[in-house]
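To start, the structure under review is shown below, and the notes come after it.
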Amino acid sequence: MGKALDGVRILDFTHVQSGPTCTQLLAWFGADVIKVERAGAGDITREQLRDIPDVDSLYFTMLNHNKRSVTIDTKNPEGKLVLEALIQKCDVLVENFAPGALDRMGFTWERIQELNPRMIVASVKGFGPGPYEDCKVYENVAQCAGGAASTTGFDDGPPVVTGAQIGDSGTGLHLALGIVTALYQRTQSGRGQRVLAAMQDGVLNLCRVKLRDQQRLDRTGTMKEYPQYPNGTFGEAVPRAGNASGGGQPGWILKCKGWETDPNAYIYFITQAPVWAKICNVIGKEEWATDPDYATPAARLPHLKEIFAEIERWTMTKTKFEAMQILNKYDIPCGPILSMKEIAEEPSLRKTGTIVEVDHPMRGKYLTVGNPIKLSDSPTDVTRSPLLGEHTDEVMAELGYSPEQISALRTAGAI
Ligand SMILES: CC(C)(COP(=O)(O)OP(=O)(O)OC[C@H]1O[C@@H](n2cnc3c(N)ncnc32)[C@H](O)[C@@H]1OP(=O)(O)O)[C@@H](O)C(=O)NCCC(=O)NCCS
């Protein structure tokens, strides 16, 4: 079966996490992704957080599946010519270097346009134009600058970053959408264009509901679904809401059986309004279904703490999976707090290809997250990440270089 992006060639000039997640997705959709790495060294993540000496790290392998790797010294004049040949052959150049690095290499937008007017140049940067545009940025910097950290955590504690890589992988996702959109526009315009996804913008886009809340707070001075209501205080900015739901249906994380020893024996419980009567029945508080102090969502808001404490008395008598089973029977929205160990062992995720076992010639078998986006006509086969420079000769030959030329370029240190 063909793939959605068959025939699209990507010059993947990305490193670390944000760019590689983007090009990995494009590879999974069928694009030919040619990763250009620094001759001799490669993407710095190859050697970061290694669990096996001298073997590409899981950090690298899990972000670079289905790609080819070529090594080019793009600061060497002959290496530059090889990169130019690649620019002429590819549809998209994706990069996430520090601001200005591509220009300093001599590959300005204007130069790339001269070489290939159909080329789409897609970049991840930490910030868009403005006071911080020249800054180097990593994941947690973006989480802090994009509004996630100030709104995550508990009221009485410091700002907290989340384990979900919303700055890196989140921005990679945004960039991938920008790229396929630009490819679509090119079918009409015949021209390439620049695509920019700034990490601050990507995080803020994912924190959209918090900017909603800032304006609600400015207008009314309170937000009744936040744990600060009715007893705490609100300041000028959106406070940290603990585990409160970000939407209109109050929720909280509750202890389940075994919580004393298992750090993940918890369940997320949502007191969705349409199933309130069923919740009351399940926890044995039938009277709350009709009591005017509890019967309506508005009446419940000042009592949320007490309500969740009562529900927790019930969840603590069940394991998180038993609670799920019972609550699902009544369509009560809830979710177990799953550990990474539980997720890795979950058979249904293996079945759908969301968790995949991949074989690697140097590290053997390892688990990875497959393509989370499923296309019915473009299935994803996850193949291992390339070794450093594994495809240099192959790609050079496709660019028209003879074995003698390849060997001369290698001697010159250009590849
Ligand atoms: C992630 C980041 C902080 C890493 O910074 P860094 O390790 O110092 O790397 P840089 O991006 O500055 O690039 C390093 C240099 O390698 C050079 N380089 C990269 N590939 C090369 C190659 N194949 N041949 C020769 N030189 C190469 C670049 O030209 C640059 O040189 P310069 O500084 O002389 O211009 C930075 O790239 C960045 O801010 N990126 C944008 C935001 C981003 O994506 N952050 C998330 C990362 S997960």
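The backbone N, Cα and C atoms fix where each Cβ goes, and this holds for glycine too.
Automatic, uncurated: that is what TrEMBL annotation is.
According to TrEMBL, the features are:
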type	residues	note
BINDING	Gln17, Ser18, Arg38, Asn96, Phe97, Ala98, Arg104, Lys136, Val137, Tyr138, Glu139	CoA binding site
ACT_SITE	Asp168	active site, nucleophile
BINDING	Gly247, Gly248, Gln249	substrate binding site
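Annotated features taken from TrEMBL, shown on the structure.
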| residue | record | Cβ neighbours (10 Å) |
| --- | --- | --- |
| Gln17 | CoA binding site | 23 |
| Arg38 | CoA binding site | 15 |
| Phe97 | CoA binding site | 18 |
| Arg104 | CoA binding site | 11 |
| Val137 | CoA binding site | 24 |
| Glu139 | CoA binding site | 22 |
| Asp168 | active site, nucleophile | 27 |
| Gly247 | substrate binding site | 10 |
| Gly248 | substrate binding site | 9 |
| Gln249 | substrate binding site | 15 |
Contacting binding-site residues for ligand 1, chosen from Gly247, Gly248, Gln249 when the Cβ sits under 6 angstroms of any of its atoms: none
Alpha-carbon distance [the residue listed as 'active site, nucleophile'; Val137 (CoA binding site)] in Å: 10
Structural state of Gln249 (substrate binding site), classified by DSSP into three states: coil
For Glu139 (CoA binding site), the three-state class that DSSP assigns: helix
Rounded Cα separation (Å) that holds between Gln17 (CoA binding site) and Gln249 (substrate binding site): 34
Between Glu139 (CoA binding site) and Asp168 (active site, nucleophile): CA-CA distance (Å): 5
Distance from Phe97 (CoA binding site) back to Gly248 (substrate binding site), taken between C-alpha atoms, in Å: 40
Gln249 (substrate binding site) to Arg104 (CoA binding site) - Cα separation in whole Å: 51
Rounded to the nearest Å - Cα separation of Phe97 (CoA binding site) and Gly247 (substrate binding site): 36
